[in-house]
Amino acid sequence: MDPMDLATWAGGALLVVGAVGALYRIVRGPSLLDRAVATDVLLVVFSGMLVLEMAVHRHTHHVVLVVLAAAVGFVGSVTVARFAEDRRPDHSFEDQARVPGTTDVPGGEEGR
């Protein structure tokens with residue numbers, strides 16, 4: 001077994017482990033953001049498999065697919081992040097911690 005075969009098998013095994021972990025998180029992930037991150041990881045694993053295949057067969061036919069997958073992953077991540085930001089409540093932690101009838105100045109009234 002030459003070093004290229006060893007690197008191919010090792011890379012393939014790592015990509016399979018990453019894909020299984022990502023699929024587990026997509027199915028089980030407790031939140032939308034966990035599932036979104038796992039989907040991004042799965043897209044990166046897919047891109048890695050294409051790159052590994054190109055390295056083994058010594059061609060560049062799938063470069064466009066790898067670049068397209070990166071662009072789709074970026075747009076998808078930004079979209080999910082904006083959607084998750086819109087779902088957050090409007091009240092910040094400071095607004096919830098403020099006691100009604102008090103001032104923002106430490107020590108009491110502003111005139112002191």
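Every residue, even glycine, has its Cβ placed from backbone N, Cα and C.
TrEMBL labels come from automatic prediction, so no person has curated them.
Residues or ranges marked as transmembrane segment by TrEMBL: 6-24, 36-56, 62-84. The region 'Disordered' annotation in TrEMBL covers 88-112. According to TrEMBL, the compositional bias 'Basic and acidic residues' annotation covers 88-97.
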For the transmembrane segment (62-84), sequence-distant contacts whose Cβ falls under 8 Å of one of its Cβ atoms, 6 or more beyond its ends: 32-33, 36, 39-40, 43-44, 46-47, 50-51, 53-54
Cβ-Cβ under 8 Å with the transmembrane segment (6-24): same-chain residues at least 6 beyond its ends: 38-39, 41-42, 44-45, 48-49, 52, 55-56
